[in-house]
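Annotated features, as they stand in TrEMBL:
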type: DOMAIN; residues: 37-471; note: domain 'Major facilitator superfamily (MFS) profile'
type: TRANSMEM; residues: 38-56; note: transmembrane segment
type: TRANSMEM; residues: 76-98; note: transmembrane segment
type: TRANSMEM; residues: 110-128; note: transmembrane segment
type: TRANSMEM; residues: 167-189; note: transmembrane segment
type: TRANSMEM; residues: 209-232; note: transmembrane segment
type: TRANSMEM; residues: 276-297; note: transmembrane segment
type: TRANSMEM; residues: 317-340; note: transmembrane segment
type: TRANSMEM; residues: 347-365; note: transmembrane segment
type: TRANSMEM; residues: 377-403; note: transmembrane segment
type: TRANSMEM; residues: 452-470; note: transmembrane segment
């Protein structure tokens, strides 16, 4: 996203590749990030993890209270996974169209509509006391939320080759902060009539014990809506077409290839090429593994020790999952950009992706220790090891976003490229929670591999994902 004028027929394509090479050059002075615009964008990025993950500490308890399972605790995982998956299933159906729309009408209107819809649906979720009410509100949340692909496009437009690693390093940090706040909101504020009886008396809070965390998430979304409305500037270069056509009337001076011109979005079909699909495939792999991990964590924490978990209550689950977000945010801010600058995005990506294997292996090991000795210091040590490995795991997203941004044919197609990537991630994230939690329940119910078969499957999938990562382009390979 350099501001230098093009001087040859390959300038736009090489500009995109420079985003990946910047990690190893270190010769250019980094352009200062536009702090206010980045801050508002990161504030908006907090909304989705808060909305999606605030339900995690109490979703299993909610399913049990609604008597969906007929009193069989072993079936809770099936329904909890279904409710968690619906957000991403409906998001997958609409996010590509939202992203393509942002390439035409602008990023800001799409962001505003998505956040407004999300705030309403969270209120509906908190007032739902039936399975169908939960399903409907969760579907509305996902269908109206095309924000994440648009925000990644905006980050790409707000940065250039000298500061891109810094910019994209902040996105996982913001997500981690949201992943910290979300579970804490859900874990601390659920059933307020029990935890804070003097502040929340009355029959309403008894009838709707999960409305307060949903209302807080919705209020935060409204705050972000107002910040975007009044302070966020549009980043889509709407006037580039006119300016370029006026300055290049002779045509011969620039001779830019059709697929490299930055004046109009390209067709979806033109994105189905290896240079775009390989980064997207890798994004899909890590999204599958990540959502499986996050869906299994609250189920593993809440399930009784004798059934393969740790038997934590919702408050403990919320605080521990929130601790991950704090540690992740701090370490990502400190080490991600230096690591990418020193080793390049591909090396960092492959190293961090390998951390999925020990993360999944630690689940059964922790349960075995808990069965033998109860919840002691060794269990917390293993959970801490898993938490630190999760920090490295999360760095894969900052790296792969750099590859996806570099793969976009031009700036006016950045939304479509990110939309295609996010649609892929949403599809696997829709399948992931229900599949992983169902595998957990099935493994426990039928005692497959001692109830630990789900982790063997996920370790195998992690090894397969590492092979796909080998096909990413090297950071010094230039397109021409």
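Glycine is treated like the rest: Cβ placed from N, Cα and C.
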Sequence-distant contacts of the transmembrane segment (317-340), meaning Cβ under 8 Å and at least 6 residues beyond its ends, amount to 23, 53, 56-57, 165-166, 169-170, 172-174, 176-181, 183-188, 297-298, 301-302, 348, 383, 387-388, 390-391, 394-395, 398-399, 402
Taking every residue in the domain 'Major facilitator superfamily (MFS) profile' (37-471), the average pLDDT works out to 83
For the transmembrane segment (167-189), the distant same-chain contacts (Cβ-Cβ under 8 Å, at least six residues beyond its ends) come to 33, 38, 42-43, 45-58, 151-152, 155, 158-159, 195, 212-213, 216-217, 314-319, 321-326, 328-329, 332-333, 336-337, 340, 394-395, 397-398, 401-402, 405
